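**Student:** Pasting the relevant annotations from Swiss-Prot:
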| type | residues | note |
| --- | --- | --- |
| DOMAIN | 1-20 | domain 'FZ' |
| CARBOHYD | Asn144 | N-linked glycosylation site |
| TOPO_DOM | 1-89 | topological domain 'Extracellular' |
| TOPO_DOM | 111-121 | topological domain 'Cytoplasmic' |
| TOPO_DOM | 143-169 | topological domain 'Extracellular' |
| TRANSMEM | 90-110 | transmembrane segment |
| TRANSMEM | 122-142 | transmembrane segment |
| TRANSMEM | 170-190 | transmembrane segment |
Amino acid sequence: FGFAWPEELECSRLVNCDETAPATAPVTTNAHGTQKTPGQTRRDYGFWCPRHLHTSNGQGYKFLGIDQCAPPCPNMYFKNYELDVAKSFIGIVSIFCLCATLFTFLTFLIDVKRFRYPERPIIYYSVCYSIVSLMYFIGFLLGNRTACNKADDKLEIGETVVLGSQNKACTVLFMVLYFFTMAGTIWWVI
């Protein structure tokens, strides 16, 4: 195409971060054909756990390969405004879905005999998804309280993500949400 590679992107001009010794050091070749420099040391540019993300021993936390380190609960990827809009949207949609599914179920209760087999699974589907929307609404109301550990200024621990079943409310919320989502999906197939 006639384009020249830009000088700024020439790889030979860039410093290699994994370089273990200066480029001027003598290089020797071992029996396997790999090069080795004298006094070769490895620099570690990896992740280290900040003090406010450290957890006590025995909790089983592991974040980015570091033991006793928990992921932070505050947003890392989105602005606060974007999170507020997303949370508000989930809350509003969950209320709308809860109203729609409860309306369907209450319509069924008016005349139960009217809904025979082809229509009956829709009622079960509606009940399942009314509970799913209720779980989303409860999660919206609780905010980060179920998914995040509280910060402790005395221990210098920041707000971190809950691991596994350490928070019973988070576990119950997830289990009910998962069960009724799967049940609703199965009723949709039937």
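Note: Cβ is positioned from N, Cα and C throughout, glycine not excepted.
Predicted, not measured: the structure shown is a model, and the values here were computed from it.
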**Student:** Could you find out if DSSP has the residue listed as 'N-linked glycosylation site' as helix, strand or coil?
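**Tutor:** SS state of the residue listed as 'N-linked glycosylation site' = helix.
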**Student:** Which residues of the chain, 6 or more past the ends of the transmembrane segment (90-110), have a CB below 8 A from one of its CBs?
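**Tutor:** Hits for the transmembrane segment (90-110): 122-123, 126-127, 129-130, 132-134, 136-137, 139-141.
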**Student:** With Cβ-Cβ distances below 8 Å as the criterion, list the same-chain residues six or more beyond the ends of the topological domain 'Cytoplasmic' (111-121) that contact it, or say none.
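**Tutor:** Here the qualifying positions are 187-188, 190.
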**Student:** If you average the pLDDT over the topological domain 'Extracellular' (143-169), what number do you get?
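**Tutor:** Mean model confidence (pLDDT) across the topological domain 'Extracellular' (143-169) is 79.
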**Student:** Relative to the Cβ position of the residue listed as 'N-linked glycosylation site', how many further Cβ atoms are located within 10 Å?
**Tutor:** 15
**Student:** At a C-beta cut-off of under 8 Å, are there same-chain residues at least 6 beyond the topological domain 'Extracellular' (143-169) that contact it? List them, or none.
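**Tutor:** Residues 50-55, 59-61, 70-74, 87.
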